[in-house]
Amino acid sequence: MAGLEKNAELKKTSFFSRSMTTHHGRPVASSLNPSLNRTTSITKYYTPVESVGSSLKGKVKDLCRLFEGSKSVKPTSTDPPEKKKLTKSVLSESRLSPFLSLSNSVTRLPGTEDRIVVFFTSLRGIRRTYEDCYSVRMIFRGFRVWIDERDVSMDAAYRKELQIAMGEKSSVSLPQVFIMGKYVGGADVIKSLFEIGELAKILKAFPVREPGFVCRCCGDVRFIPCLNCSGSKKLYDEDEDRVRRCPDCNENGLIRCPDCSS
């Protein structure tokens, strides 16, 4: 029995000696071999947080000084103050008084002093042009005023008329608007006048139609087939015994609607 107790005590001491050697052996080995020291190896590759924070603070201060210096510098203007006041007054007059620009318009369309004329195209070959033409027409139709819509894709005479009014050498884009025989502008001008509310002031002089009015003769197309040749563009001449060109219709065999385009 005494021998068994001695063996148990020897096992306990050997177990505790092993645990002590495993836990306490690491710092001893690291002190003997510096390459095994984990703290020194980590500090070689990573800098302390305090040093990183101090460097970042320095960079932030430099950036703040840079931006504060740029704010403190005021831009120098070479234009005199009198010139600035003049340009502001001119801009305000051009924006707030469209009647002045209409009266000073040099481009005129004779015979249209009592109406609104819109030159446009119904073809969708160029998407931007078609969208501008459609938006301008819808703006005027929203005011329920009568519009003399002249589709240049339906009648080549309209294109020639617009080209003569704008100048034969100038390139003409669509749409183009004339009010009371005076040239107003294209889609951008009409949209800007509509947004600031000045277009409504100009259109007060025109009579208003009933809501939802649609021409019964042409369906707001502004053209109908020729009544003389039924749209064929050809007529039989009994005297000459031959077929000749119809003098009443255009190149598409159409005439203007007698009800809404007169």
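Keep in mind that glycine also has a Cβ here, set from the backbone N, Cα and C atoms.
In TrEMBL, annotation is done automatically, which means it is predicted and not curated.
Listed in TrEMBL for this protein:
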- 16-35: region 'Disordered' (REGION)
- 117-184: domain 'Glutaredoxin' (DOMAIN)
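Sorting the domain 'Glutaredoxin' (117-184) by DSSP state (H, G, I as helix; E, B as strand; all else coil) yields 27 helix, 16 strand, 25 coil. Across all of the domain 'Glutaredoxin' (117-184), the predicted model scores a mean pLDDT of 92.
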